[in-house]
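Engineer: There's a structure below that I have some questions on.
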């Protein structure tokens, strides 16, 4: 708990995190309100279209938003996004004041939300290293995961409680207010959050040819497209391993998202109550895992830790082969509890490793790619379950989730990340907390440069 309190004492980070929590709760309430309005107007068919509008534009949004985060002030991008989405959400209750809300308007609001959803998903972790010293990135990353988990519980619940009392349109009006609060909080942050300046090209050094690709990828000077991001991922095996490994893990989570309702309906007693128990236990375990993750210190063998966590989180899904409710619950709880610190640990690596001048694009690209595999997993599992192939679904899901972790562990079990994560700090004279906070991003960038230039040949040898 001390680690959380310590990072929340940082004024700018506290503003960002508290406003994000409020906004995420509002988003959950908004989805509940939109879905209720849609199904009330046109039935389940409208709800299906609304869900597509709400989720599918995220990929297109990622392609647009990433370059904006590195080309313009991140403060300006976040505030603009918040104002636009707030106005769109507020349009529904405003129209309701003078007439009937059309179904197409709900689709437009949902689609616009889906298009812009990636803005905070990419921007918040992009600016955290500017607000938090390197040694406090682990609890900061954990707090982000906790915020999403807690809001995932609270938002829909609050929306469900308020809709019968004040109506779906009024719930949307409240969420529009949360966007305004978020914009004001971002405006109040004292750190500049300016557009990152391109890094100067490093002077060539003897024997540094093997790392030249990584250095070129880092500079990206004058190039605001996706080229520098692709070059960085090609040159940096660590970031590539995280991207591929987590994309496959999320594919397995997409399979699980379909498998849970199938289990409750076809294989386990209790019906809908059992489904609620499965989902609630898994979400609760994820929150506990996030709390534990924030209390852990970064490891010298950080990537090895991530690999081990992914192995066991994926392997736990194999317990779903035993169709007994207690065993299935244990499998889900273990998987979610272990995957939370896996996510937090990888987020710390990404924050310190990605150069500031391409951090917005790279964070956005990685999150978009990692999240885009979940629908594919859901589609595959749905087709297989419809054909009666439950056990093959569980086996494939377990292997897809766990095997990338095994490769990650074998590749990086002996690789030290101590210098990169600031674990080898020599004692320094005491400085004010604000000064150390401002110095952290600079030290982060310098350690990233030295680590990446050395790692390319090492990692190539491992593969």
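Backbone N, Cα and C define each Cβ position, glycine as well.
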Engineer: Looking at 45-69, 170-194, which stretch does TrEMBL describe as transmembrane segment?
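Structural biologist: The listed stretch tagged transmembrane segment in TrEMBL is 45-69.
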Engineer: Have a look at 382-422, 423-463 and point to the one annotated region 'Disordered' in TrEMBL.
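Structural biologist: Matching range for region 'Disordered': 423-463.
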Engineer: In TrEMBL, one of 140-164, 340-364 is tagged transmembrane segment. Which stretch would that be?
Structural biologist: 140-164
Engineer: At a threshold of under 8 Å on Cβ distances, which of 45-69, 238-256, 276-296 pairs most often with the transmembrane segment (76-98)?
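Structural biologist: Between the candidates 45-69, 238-256, 276-296, the best contact partner of the transmembrane segment (76-98) is 45-69.
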Engineer: Look at every Cβ pair spanning the transmembrane segment (393-412) and the transmembrane segment (238-256), keep those 6 or more apart in sequence, and say whether at least 3 of them are under 8 Å.
Structural biologist: yes
Engineer: Please identify the stretch among 21-39, 45-69, 140-164, 238-256, 308-334 with the greatest number of Cβ pairs below 8 Å relative to the transmembrane segment (276-296).
Structural biologist: 140-164
